[in-house]
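As recorded in Swiss-Prot, the features of this protein are as follows:
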- MET1: N-acetylmethionine (MOD_RES)
- SER19: phosphoserine (MOD_RES)
- LYS21: N6-succinyllysine (MOD_RES)
- LYS21: N6-acetyllysine (MOD_RES)
- 76-115: region 'Disordered' (REGION)
- 76-90: compositional bias 'Low complexity' (COMPBIAS)
- SER79: phosphoserine (MOD_RES)
- SER86: phosphoserine (MOD_RES)
- 91-101: compositional bias 'Basic and acidic residues' (COMPBIAS)
- SER102: phosphoserine (MOD_RES)
- SER105: phosphoserine (MOD_RES)
Amino acid sequence: MRYVASYLLAALGGNSNPSAKDIKKILDSVGIEADDERLNKVISELNGKNIEDVIAQGVGKLASVPAGGAVAVSAAPGSAAPAAGSAPAAAEEKKDEKKEESEESDDDMGFGLFD
């Protein structure tokens, strides 16, 4: 992704055909080392293409990907509601879940992926 972003920065900055040297210069400016193999792959794929057309094609492809809405799950016919005696057990399970969540958040030092 960093190579594509650097290529786009160079192209939008007026360089219609950025070279590996141009992209390395952009990456070096923010302290990122460039992998020549990946860099050359990005350049060979994007070389000579109109950036606006590539972006439009990407947007079209992303539009066809499902965006993960909630799936409705209905209860099976004839299934009974839980008995009233199971309510304390459910509350106890929630306490256990909350305790486990707090332990998990310590693993990522408070920086969760979806926070």
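Positions of Cβ are set from backbone N, Cα and C atoms, glycine also.
Location within the structure of each feature annotated in Swiss-Prot.
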residue : record             : Cβ contacts under 8 Å, 6 or more apart
MET1    : N-acetylmethionine : none
SER19   : phosphoserine      : ILE43
LYS21   : N6-succinyllysine  : none
Worksheet item: If H, G and I count as helix, E and B as strand, and all else as coil, what does DSSP give for the residue listed as 'N-acetylmethionine'?
Response: coil
